[in-house]
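Following: one structure in structure tokens, then a few remarks.
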Amino acid sequence: MSKKWVYFFANKQAEGRADMKDILGGKGANLAEMTNLGIPVPPGFTISTEVCKYYYDHGKTYPEDLKQQVDEALKRLEEVTGKRLGDPERPLLVSVRSGAAVSMPGMMDTILNLGLNDETVVGLAKLTNNERFAYDAYRRFLQMFGDTALGIPHAEFEKALEKRKEEKGVKLDVELDADDLKALVEDYKEIYKKHGKEFPQDTYKQLWAAIDAVFGSWMNERAIKYRQINNIKEGELLGTAVNIVTMVFGNMGDDCGTGVCFTRNPNTGEKIPYGEFLQNAQGEDVVAGIRTPVPLEELKKINEAVYNELLSIMERLEKHYRDMQDIEFTIEKGKLYILQTRNGKRTSQAAIKIAVDLVHEGLIDKETAVMRVKPEDVERVLHPKFDDEEVKNAKVIAKGLPASPGAATGKVYFDAKKAEEMHKNGEAVILVRPETSPEDVGGMNAAEGILTARGGMTSHAAVVARGMGKPAVVGAEEIVVDEEKLEFKVGDVVVKEGEWISIDGTTGNVYLGKITTVKPQGLEGEVAELLTWADEIRRLGVRTNADVPRDAKVAREFGAEGIGLCRTEHMFFEKDRIPKVRRMIVAKTKEQREAALAELLPLQKEDFKGLFRTMKGLPVTIRLIDPPLHEFLPHEEDQMKEVAEQVGITVEELKSIVEQLHELNPMLGHRGCRLTITYPEIAVMQTKAIIGAAIELKKEENIDVIPEIMIPLVGHINELKYVKKVVKETADALIKESGIDLTYKVGTMIEIPRAAVTADQIAQEAEFFSFGTNDLTQMTFGFSRDDVGKFLPEYLEKGILEHDPFKSLDWEGVGQLVKMGTEKGKATRKDLKVGVCGEHGGDPRSILFFDAAGLDYVSCSPYRVPVARIAAAQATIKNRK
Ligand code: PEP
Ligand code: MG
């Protein structure tokens, strides 16, 4: 038996199903599913994505038996509709639309009204008793077919249409009558001729040209770009399907119309049907943002029965798919048709609210809810808003629709390519367009925010911006964009290219000038609830990297379960400390150095008390000094004098010390445990500060602390042995003297490849491990952490590396060291706690790996703690599978 390439659907029976997205595409699979559910879907058939793959694998040719299968499906379609393709009396008209397994809105081709020619148009006019409608459909088809299948510039047709309107002295398309449209059809045919193309009167040829065009659009520039931006890898999808569906018309009169609706508000997530409707119009009018539609509720006034039917279908579809649906519908002569349903794109805020609400409504379970939300969604809801004070004083110059929430500020650019370029130069850009089209996606992605003068909440700009999570204001109708002069006007305000504006996608306000954006603080409502579910699921602990009580407090509020890394040297850089640190560095004798350290001790002790107090009862890992000492000394001539005075030596002496400390490669130099091996006094002071703080807190405030003292940059067990001995002697003496029962741990960073490889030995001394994946990445790749900017961007561009390994863990290399280190460490010491405190601790893709590698916790910056919580829960679920 030959392979099945074509799937038919009509009259409550379909050959496909919702779970066949891979081969039918999202649109085709859902059309089939809805047909099976008995929802009013116009009949049609889907050519599978496997044909698309075949087409590209075989030099743009089709499987041999495809034609026969299409012919059969067409025949069935003609039977169920009682119409025939090309029949002058009862012509069948179809739409030919793309649809991949992953929705790529507007990126590929669509042709409507296929089947019209000089003869069938007459039949259509008779059949509908509406000549104007028939010729309007014909000229639209000529336009779409010419543009899509034959590559004739869209603008040419637009020009001809404008000319007709001008000659007649009218403004709107609907003011052209049947004769005007007939004339326009002839104008359009002339355009074909001018471009050396012929419009096929043969409707069967039209059909195959349209199929070719849709498969061809899979590889067009904007579709490829869209897949790049959305990280859809080559080979992940088979291709696009082609859906051939009987046309229904929303533009046959006032008892017709078309719209898009969401079962819940896609901006806020509220459980209120939401959408837009345009009377007497075809779907393309809405999506292109040419006419601005009215809110869905208006439909209730126009036709209450249809409105109620739509609402009940929306509810059914949402219950069936157990997710918020984005539905396209058309009303033809008072009859409702559903043309598409899919899981609706939504803002981050809505994604979280909907997931949580669906759990409360009993439609999904908590794990499903956690998996539905992207870690970035959680990050985004904690993200930019305008500075309250600045926004109060800012001038609102226009207001549009709040299409995608968040605040953005940047310089105005009117061209998507230019916006991309400026973004590459490091500029913050706001892309301002009359309306956006799929060609603009690159520029939209590069922009901080998007502003359009036209279009509604379901216009291209709105849908794409929401998907990207970019702030956007659309349909700001007071704005007049002049793309030639590179400026826009609102009343008498003129904003030129390169000038600053700010937009608020939550309110729709457009402001003149730059406004600082700030991150909102705190977790509440649905996000907080979702995160508690994530906490129930996840295996990995989540700690934070924090050096001061302020950061520790934010992190605790965000749910951190301890501090995984306190970089003590950050305390040394404080204004009141740095002179003392410098005196310690320039000391000529041990005594001098100890005197300087003695001055630092009480200050450090207070710092640690602050941290311990904030983290009350939770583990706190404190790392001994890490960076090379010359980082604390001045290198500029003009600072030398001041510092020399500060520390009581001559400028010459200071210069000579700076020279002595100079290193060719400080990243691989005298830092980490190497410093405390040379100057054990530093370790002594820091240990005294840590243990002293814990003792005092216990005595004074009855707070229990279990300090974890961490030794950085260990590569050999003997390094750890040496420093650990210093630490233990100091700590034990203090504890003994205090008479208090205090436990503490001494552990190490694993951030040198040798440490990972010999982790079984190192675990004999270390009571815990924390992977320093920043240094571990640096040393595994041999890339200097501070200099990668010179070549890494090109590595990524040229595909040499898929991810920046300093942002997202290199699974195959660095990751293997992490895995080996963990296994070896735990083999020696069963209860060894293993964490990670490099930047990767807050990166969802890296967290997935750490979970699989058997780490106990991740530690990340305070604002990433919520992201890490959700990512860790997702990792548990994924790795379980
Ligand atoms: C690391 O190397 O990953 C680390 C956490 O330490 P630092 O970034 O301070 O070198
Ligand atoms: Mg390090």
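Using N, Cα and C of the backbone, Cβ positions are placed for all residues, glycine too.
Now, the feature entries from TrEMBL:
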type     : residues                                               : note
DOMAIN   : 62-293                                                 : domain 'Pyruvate phosphate dikinase AMP/ATP-binding'
DOMAIN   : 300-355                                                : domain 'Pyruvate phosphate dikinase AMP/ATP-binding'
ACT_SITE : His460                                                 : active site, tele-phosphohistidine intermediate
DOMAIN   : 525-875                                                : domain 'PEP-utilising enzyme C-terminal'
BINDING  : Arg567, Arg623, Glu751, Gly772, Thr773, Asn774, Asp775 : substrate binding site
ACT_SITE : Cys837                                                 : active site, proton donor
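The most crowded of the binding-site residues listed here (Thr773, Asn774) is Thr773, judged by how many other CB atoms sit within 10 Å of its own CB. Screening the recorded positions Arg567, Arg623, Thr773, Cys837 for a C-beta under 6 A from any atom of ligand 2 leaves none. Counting every protein chain shown, 27 other Cβ atoms lie within 10 Å of the Cβ of Gly772 (substrate binding site).
Averaged across the domain 'Pyruvate phosphate dikinase AMP/ATP-binding' (300-355), pLDDT for the predicted model comes to 95. Pairwise Cα distances among Arg567, Arg623, Glu751, Gly772, Thr773, Asn774, Asp775, which the record gives as the binders of substrate, peak at 15 Å.
Those residues of the chain, other than Arg567, Arg623, Glu751, Gly772, Thr773, Asn774, Asp775, with a C-beta within 8 angstroms of the mean position of the substrate site C-beta atoms are Leu565, Asp626, Pro712, Met749, Ser770, Phe771, Leu776, Cys837, Gly838. Comparing Glu751 (substrate binding site) with the residue listed as 'active site, proton donor', their Cα atoms are 10 Å apart once rounded.
Of all the recorded positions given, namely His460, Arg567, Arg623, the one with the smallest number of surrounding CB atoms inside 10 A is Arg567. Taking CA atoms as the reference points, His460 (active site, tele-phosphohistidine intermediate) and Arg623 (substrate binding site) are 51 Å apart. Annotation for Asp775 (substrate binding site): spatial neighbours Leu713, Met749, Glu751, Ile752, Arg785, Gly838, criterion Cβ-Cβ under 8 Å with sequence separation of six or more.
Residues of the domain 'Pyruvate phosphate dikinase AMP/ATP-binding' (300-355) grouped by DSSP class, helix first, strand second and coil last, total 29 helix, 17 strand, 10 coil. Listed in sequence order, the binding-site residues near Cys837 (active site, proton donor) (C-alpha within 10 Å of its C-alpha) are Gly772, Asn774, out of Arg623, Gly772, Asn774. Filtering His460, Arg623, Asn774 by Cβ distance to ligand 1 (under 6 A) retains the following recorded positions: Asn774. Its Cβ placed at the centre, Glu751 (substrate binding site) has 26 other Cβ atoms within 10 Å. In the three-state DSSP scheme, Arg567 (substrate binding site) falls into the strand class. Secondary structure at Thr773 (substrate binding site), taken from DSSP and collapsed to helix, strand or coil, is helix.
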